[in-house]
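K.L.:
This is the feature table in Swiss-Prot:
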DISULFID  5-23  disulfide bond
DISULFID  11-34  disulfide bond
DISULFID  20-39  disulfide bond
DISULFID  24-41  disulfide bond
């Protein structure tokens with residue numbers, strides 16, 4: 001589910017997506033990016 005990390009990972013304002021990426025990888029995704037301060041898994 002691409003939204004696995006939306007509520008679990010906060011997105012910083014300026015491109016610090018590491019937390020989002022790590023969360024997404026933990027759920028088996030390739031990584032993640034932030035859109036509108038929400039983490040989206042790719």
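Note that Cβ sites are derived from N, Cα and C of the backbone, with glycine treated the same way.
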K.L.:
Ranking the disulfide-bonded residues 20, 24, 34, 41 by other Cβ atoms within 10 Å, which is at the bottom?
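P.N.:
Per-residue Cβ counts within 10 Å for the disulfide-bonded residues 20, 24, 34, 41 bottom out at 34.
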K.L.:
Nearest by CA distance to residue 23 (disulfide bond): which of the disulfide-bonded residues is it, out of 11, 34, 41?
P.N.:
41
K.L.:
Would you identify the secondary structure of residue 24 (disulfide bond) according to DSSP, in three states?
P.N.:
helix
K.L.:
What residues, ordered by sequence, lie under 8 A Cβ-to-Cβ from residue 5 (disulfide bond) and sit at least six positions away in the same chain?
P.N.:
20, 23, 24, 27, 32, 39, 40, 41
K.L.:
Identify which of the disulfide-bonded residues 11, 23, 39 has its Cβ surrounded by the largest number of other Cβ atoms within 10 Å, counting every protein chain shown.
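P.N.:
For the disulfide-bonded residues 11, 23, 39, the Cβ with the most other Cβ atoms within 10 Å is 39.
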